[in-house]
């Protein structure tokens, strides 16, 4: 499996906009002519079908209905109703999460000829996938490059730098940094928001110059 064909999307915190950032990146990659698909290995807090995949699908284009049907069984390996970290949601359902099963689904998607698989994680980097495995270690073991989603709300600088430092310590490539500018009216255009954007741009230019800076504004779905 070509690890660089998988882009792992994570965020500095819950509710930072990972799902919309994933949809945004899907659209941007498709506009470049890439054939992409999204994967949400573990979804918590819903039943039936992954709510995050529903949002991804607003920008995701499949060439044929057969192509969509072929990908669907492999896009969400685990779905749990309780809204919590994967390890707890799985425990409440009496399920043991198998990362090997997730790997099998990722491999199945890649074998269908996609240029990139955009894999959206659950929560942030330090969220436990199981009692023994953190999300960041799952990513590090597979050497997946990462897209990190941040914003200009209060506290973002601290959470962002901690996340970047954690990625660096594990040798994980920060391929893309998504700055979510789609904030509430109370957060937009404040001194905190504008300075946070400036500070993070300068920090990345100095410490991670190869990282692509992407701005997420209002996304039309």
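Cβ atoms are placed via backbone N, Cα and C, with glycine included.
According to DSSP, residue 120 (Mg(2+) binding site) sits within a strand segment. What TrEMBL lists as ATP binding site is 15, 16, 17, 18, 19, 20, 54, 120, 121, 122, 123, 180, 181.
If you look up TrEMBL, you'll see 19, 54, 120 marked as Mg(2+) binding site. Every protein chain shown contributes to the tally, and the Cβ of residue 120 (Mg(2+) binding site) ends up with 28 other Cβ atoms within 10 Å.
Classification of residue 40 (active site) by DSSP places it in coil, neither helical nor stranded. Among the features that TrEMBL reports, active site is placed at 40.
Sequence-distant contacts (6 or more apart, same chain, Cβ under 8 Å) of residue 44 (substrate binding site) comprise 80, 81, 82, 83, 84, 85, 86, 89, 122. Here TrEMBL flags 44 as substrate binding site.
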Practice problem: Write out the long-range same-chain contacts of residue 19 (ATP binding site), meaning residues 6 or more apart in sequence whose Cβ is under 8 Å from its Cβ. | Solution: 52, 55, 56, 120
Exercise. Could you tell me which of these recorded positions, 40, 181, has the fewest other Cβ atoms within 10 Å of its Cβ?
Key: 181
Quiz prompt | residue 123 (ATP binding site) CB neighbourhood, other CB atoms within 10 A | solution = 21
Practice problem: Could you check the binding-site residues 15, 17, 121 and say which one's CB has the fewest neighbouring CB atoms inside 10 Å? | Solution: 15
